[in-house]
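Copied over from Swiss-Prot, here are the features:
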{"type": "LIPID", "residues": "C50", "note": "S-palmitoyl cysteine"}
{"type": "MOD_RES", "residues": "S82", "note": "phosphoserine"}
{"type": "SITE", "residues": "W41", "note": "site 'Seems to be involved in pH gating'"}
{"type": "TOPO_DOM", "residues": "1-22", "note": "topological domain 'Virion surface'"}
{"type": "TOPO_DOM", "residues": "44-97", "note": "topological domain 'Intravirion'"}
{"type": "TRANSMEM", "residues": "23-43", "note": "transmembrane segment"}
Amino acid sequence: MSLLTEVETHTRNEWECRCSDSSDPLVVAANIIGILHLILWILDRLFFKCIYRRLKYGLKRGPATAGVPESMREEYRQEQQSAVDVDDGHFVNIELE
């Protein structure tokens with residue numbers, strides 16, 4: 001038994017949908033969601049370089065510093081740098097054979 005036999009059956013002219021009630025609000029909502037999903041997927045594939053480049057580089061700028069005194073900016077930079085610095089005594093040596 002084919003999966004298509006439950007929803008569609010082949011007629012002499014073309015494929016015909018044998019739905020009991022295609023005006024059901026749930027069916028209409030599912031169709032709208034499906035169409036929107038397809039549109040968003042197409043836009044994502046067309047503009048993925050722009051979108052992901054914006055996310056990758058645009059959000060890494062850090063918090064806005066307008067109106068923040070220079071001393072606080074420098075303190076923030078030092079905190080960020082100290083969080084990145086690695087203690088040389090805690091390296092793990094992994095040898096690959």
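Cβ atoms here come from the backbone N, Cα and C positions, even for glycine.
Positions of Swiss-Prot features highlighted on the structure.
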residue : record                                   : DSSP (3 states)
W41     : site 'Seems to be involved in pH gating' : helix
C50     : S-palmitoyl cysteine                     : helix
S82     : phosphoserine                            : helix
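Rounded to a whole number, the C-alpha distance linking the residue listed as 'S-palmitoyl cysteine' with the residue listed as 'phosphoserine' is 32 angstrom.
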